[in-house]
Each structure stands twice: as structure tokens, then as C-alpha cells.
């Protein structure tokens, strides 16, 4: 850490606390939704519960697009992060209130909205700590930042996962609120270490633009409220229909956003920026496929742990949500190794190649998951916890090949006019993948192990296909021109 900017500690610490609250709630959410009312849960069916969790994850990243836009045009990244943290904390408080279902839905919405404000902008600030795009420390810095995220994820999953499942769901949500409050405190106290990064919006709204924005927000809110009121009045409103609409939205919006940047407002992106954006589009699709698989951990894999895995360990019954802790624990163990590898290799291994490997390895994890499901003999046998350990090991290796590298890639490829929004757009690939995963997860109870096998083979095929175009994507991204510079920087850092 001594070789990195001091602000990295502030930002990594903020995300550590925010991710503790987010992933702690993620560990218990599907279990809470599927638990009976007598058990203090919502009493939803398995398919609906997994779909809601998938959509919750999707919307948490979907809102990063407006969050990035607000930072770019209105508040600046630093103030947007602060506002987002406050909203997240209020969402957890709402979930902790044991009054009625309306507070549960309100809490989920607030956490999704706050995450959209905080997540892309704190990540974008990490990139701004490194002023030179060819600085070989950038990938290493993102890997260290990612390690901080996973320390928080591990703590949150263990603490909130235990309290929520063994003590009270709502007390678990209360602990998540405390975690976010700690993150806000740490962020405010560490402002000086960030220097001038993200203090002001990159492209502030003009007065006419501000008026148009207010008008369109008001119209959009009115349309949404009218649509909900109409569906309720006609008796067609249901949770399942809401998930279908939101899934379509998560798929259509990124398509429209790329069209807007590349066609409608193409004059804002000039020269090499346009070429890099085209490369980003293909890696966006690869990222969506990866996260469609990876975030099944929050739904089907956790319910598999609850229903089909022998969770007894040394005389103690491990909470089902704790199985999700395997991933952040492994990231903590391996992220330092990956940071050293990426620094040593510089740009000799392209971003597209790393994405290709990630897809293939993630696919193999679900092939293993299919075998684990077969070993339950139709749900009559509880399998060893080691099956899930193996699945999470492969998913973690895949994640470390794609996620921190993807964050670094986005900061490098982002056109100057869309810096904060581009980080939000990368997270939108997660939203699209999670949204599709939310709907396909409904098929798992009927398909059994075949479900995992089909998704695994899909990821492997996509990874192999991407590997065939590594050279072309590398040229589009301009990585071939930076190889010597990156290698020299890495050598200088080691010296």
C-alpha cells in the first residue's frame, strides 16, 4: 500500500463498510423472503424469492447509471458518494422496522437507489487517484481495493448472516444499517486524502439543461405512478409482473445508452475514444454473461445450501448464508497474488484474454454444480459442503480475472465526457446479467442439475468465442501500443 496513493485507503475503507452492509443483507435476503410468516419471513415461493433477489441485485447496479450521471452533471463524485451512503443506511433502517411488507419493499428500493449513487462513483474515484492511464499500479490498486471490498463482504456475511438466520431477520437488517453508518463516518474523516479528485462535476448542467432535467424527472415519476395505479385498479398488479418489467428495462436501457453515445451524441466522443468504446461494448456483453452466473450465489446456490447440503461442521450447524462467505474469503486470500501477477505481466495479457478465461472458469463452476445436484439423488441425500467450496473456488478465480480488471478497463476506456457514467455503464452489465439470471432462476426447481449444466456450457462457449477475437479487441483498445510502457512502469515499480 505504501506505493499507492493515500486516498486508496479512504476509498477502500468506505467500500469495506458499505459492502459489509450490502453483502450481509444479501446473505439472508432469499432466506428471509422464502421463510414462512411463522418463521418471521415473507412466505414467498422459491421461484419468486430467487427472482426478487436477482432483480434486487440487478437494480442495485442498474441505478449506477443515473448515479454516475448525477455525479458527472450535478453533484460531483464525492458528494454523490455521501448522499448514496445516507440513502443506503435509511434503506436498512426501513428493512429493520417490523411493521409491514411496505417497509420491506421501501427498504429494498432505497438500498438499490443508494447503491447506484455510491458504487460507481467511489470506484471512479479510485481510478482518478492514478493520473497516468499507463501506470502499471492501476490494476494492482484496483485489486487491493477489491480486496477491501471482500473483507467487508466477509465480515458482513458472517455477522449479519448469523444474526439474521439464527436470531432475527430484522436485527440482521439493523446491523447492516450500523455498518453503513460506520462507512459514512470513515469517508467523511478521510476527505483530505482524496486531494481534488471528484470535488466538482466533470460537465455541470447549464441552466436550460437543469430545467429540462427537472421536467423529465417529473414526467417519468408521473408515468410510473400512473402505471402502478392503473395496474392496481385493474387487478393486474403482481410481484411477478413487476419483475418482468424490470428485467426488460435492465436489458433495453444499456442498448439505448450505447446507441445514444455512439450515434445520437457521437460528437461528444472523438478519435480514439470511439474505437475504445466499441471494444468496451463486446466486453460489456461478456461481463453480463459472467454476472448472470456468478450472482446465482445469492439465490439458487444459497437455497441449495439450505435444503441439500450437510451444514454441520465440528458439531456446529453453519448458517446457510455463510456459504456465501467462501467467495470473499477466497478473494482475500488470492487477490494479493492476482495483483502481483497483473503488475508483473503489465499489458502482455490483454483484458479480453482475462475476460475469456473468466467465462470458461465460471462455466466450469456450474458444471461442477450440476454434478453436486446429481449427487443429492433427487433431494434425498444431503451432500458435503466441499461441493460448494469447489464451486466457489472456481467462481472466485473467474471473478479475479474479470471484475477488478473490468473496473480498471472502464476507467481507461471511458470517454472524458462520460467518465462517471461509464463506470455506471460497466455496472449496468452486471444489472443486465442479474436481471436475466433472475428470470431464468425460476427454471431451476423444475430442471434440477440440468439448469446448472446448461448455464455452465453457455459460459464456456462464450469464453471460447471471445478468445477468438482477443487480437482484434486488443487493437481496438489500444493495448498493443501501451505494452512497452506498462512493462517499463512495472519494472520501475519493482525496482
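Each Cβ is built from the backbone N, Cα and C atoms, and glycine gets one as well.
TrEMBL has this to say about the protein:
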{"type": "DOMAIN", "residues": "1-474", "note": "domain 'Major facilitator superfamily (MFS) profile'"}
{"type": "TRANSMEM", "residues": "20-38", "note": "transmembrane segment"}
{"type": "TRANSMEM", "residues": "44-68", "note": "transmembrane segment"}
{"type": "TRANSMEM", "residues": "103-122", "note": "transmembrane segment"}
{"type": "TRANSMEM", "residues": "143-163", "note": "transmembrane segment"}
{"type": "TRANSMEM", "residues": "169-189", "note": "transmembrane segment"}
{"type": "TRANSMEM", "residues": "216-236", "note": "transmembrane segment"}
{"type": "TRANSMEM", "residues": "242-259", "note": "transmembrane segment"}
{"type": "TRANSMEM", "residues": "280-305", "note": "transmembrane segment"}
{"type": "TRANSMEM", "residues": "355-373", "note": "transmembrane segment"}
{"type": "TRANSMEM", "residues": "385-405", "note": "transmembrane segment"}
{"type": "TRANSMEM", "residues": "417-438", "note": "transmembrane segment"}
{"type": "TRANSMEM", "residues": "450-471", "note": "transmembrane segment"}
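Within its own chain, the transmembrane segment (385-405) is flanked in space by residues 139, 142-143, 145-146, 286-287, 290, 293-294, 297, 301, 304-305, 309-311, 313, 318, 323, 326-327, 330-331, 334-335, 338, 342, 351, 354-355, 357-359, 361-362, 364-366, 368-369, 371-372, 375, which lie at least six positions past its ends and keep a Cβ under 8 Å from the stretch. Taking Cβ pairs closer than 8 Å, the transmembrane segment (355-373) reaches residues 283, 286-287, 289-290, 293-294, 301, 304, 308, 383, 387-388, 390-395, 397-399, 401-402, 405-406, 448-453, 455-464, 466-467, 470 in its own chain, all 6 or more past its ends. Between the transmembrane segment (280-305) and the stretches 103-122, 169-189, 216-236, 242-259, the greatest number of Cβ pairs separated by less than 8 Å involves 242-259. Model confidence over the domain 'Major facilitator superfamily (MFS) profile' (1-474) stands at 86, taken as the mean pLDDT rounded to a whole number. Taking Cβ pairs closer than 8 Å, the transmembrane segment (103-122) reaches residues 11, 14-15, 18, 22, 25, 42, 56, 59-68, 70-71, 77-78, 80-81, 83-97, 173, 198, 420, 423-424, 426-427 in its own chain, all 6 or more past its ends. Within its own chain, the transmembrane segment (44-68) has Cβ neighbours under 8 Å at 22, 26, 29-30, 33-34, 80, 84, 108, 111-113, 115-121, 124, 239-240, 243, 246-247, 249-250, 253, 257, 295, 298-300, 303, 420-425, 427-428, 430-435, 437-439, 441-442, 444-445, counting only residues six or more beyond its boundaries.
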